[in-house]
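Visitor: As annotated in Swiss-Prot:
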{"type": "ACT_SITE", "residues": "GLU131", "note": "active site"}
{"type": "BINDING", "residues": "HIS130, HIS134, GLU196", "note": "Zn(2+) binding site"}
{"type": "TRANSMEM", "residues": "14-34", "note": "transmembrane segment"}
{"type": "TRANSMEM", "residues": "145-165", "note": "transmembrane segment"}
{"type": "TRANSMEM", "residues": "171-191", "note": "transmembrane segment"}
Amino acid sequence: MNTFRTTALMAVMIVLFALIGQALGGTGGMLLAFLIAVGMNGVSYWYSSSIVLRMYGAEEVSRAEAPELHDLVDRLRRRADLPMPKVCIIPQDQPNAFATGRNPDNAVVAVTKGIMDVLDRDELAGVIAHELAHIKNRDMLTSTVAATLAGAITMLSRFALFFGGRDNNFLVSLLMMILAPMAAMLIQSAISRSREYAADREGAEIAKNPLGLASALRSMERAAEHRPMPANQTTSHMFIVNPFSGGLSGIKRLFSTHPPTEERIARLEEMAGRAQ
């Protein structure tokens, strides 16, 4: 399913670029836009992991440097029947985490310094298991391509505004510039929300402790309000909790890249109740 979803996102980006290129520059513009879109898809597939890690200053740590974290990841990845991912630490105080990589053999689990300080071992196990569930389901490439598509839509809207030409085209381009970021966020949220619920459920199964993950989500959501992290909007959906704010309400929920944390916690608590 995720392979189909990723392919569809790549195809959407190519078609979007080609259509805008055709509108702005005829056949030549369409060909140029097509080549740019193919190039962006290639970069997204092969290099997105290193780009995202560099963006957040994540550094790979060895077992000698972080033995407890490595042991925890190793124990849980064996339980999930996965290859050992690289382990990275992000130098940020906000407790958060994400997984990246184009497939399980090239996966990375990145956690912030803050998560090591705030969460206890059971909570951290829940978070790591959640990220391993993303790896097992091959969610990382889908989320990365979604981030690329979101950035591409925004870039196209700005490009169209400056090269729109006539008044009618200018008005259309201006409208596109206003609506395109909303469309990009809706694409991200539609993909991210279903991914997060599934990773919560499967992560709780891997860790064998739904309440540990529920407690972690509650602590991270609370900390996000008081420990801001410089994050990029196009990659915010990759994190286990929204890095920009604690609670969301009203219209913000529609465009949020994450499901409501209280709903995620409620589902995990219900899951724990059924297991008793």
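Even glycines carry a Cβ here, placed using N, Cα and C.
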Visitor: Sorted by position, what residues of the same chain at least six away from HIS134 (Zn(2+) binding site) have a C-beta under 8 A from it?
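Guide: Spatial neighbours, sequence-distant, of HIS134 (Zn(2+) binding site): ALA99, MET140, SER143, ARG195, ALA199.
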Visitor: Tell me which of the recorded positions GLU131, GLU196 sits in the most Cβ-dense spot, judged by other Cβ atoms within 10 Å.
Guide: GLU131
Visitor: Taking the recorded Zn(2+) site as HIS130, HIS134, GLU196, identify the other residues of that chain whose CB atom sits within 8 Å of the mean position of the site's CB atoms, giving them in sequence order.
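Guide: Near the Zn(2+) site, beyond HIS130, HIS134, GLU196, sit ALA99, GLU131, ALA133, ASP139, ARG195, ALA198, ALA199, ASP200, GLY203, ILE240.
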Visitor: Within 10 Å of the Cβ of HIS130 (Zn(2+) binding site), how many other Cβ atoms can be counted across all chains shown?
Guide: 29
Visitor: For the residue listed as 'active site' and GLU196 (Zn(2+) binding site), what Cα-Cα distance in Å is obtained after rounding to a whole number?
Guide: 10
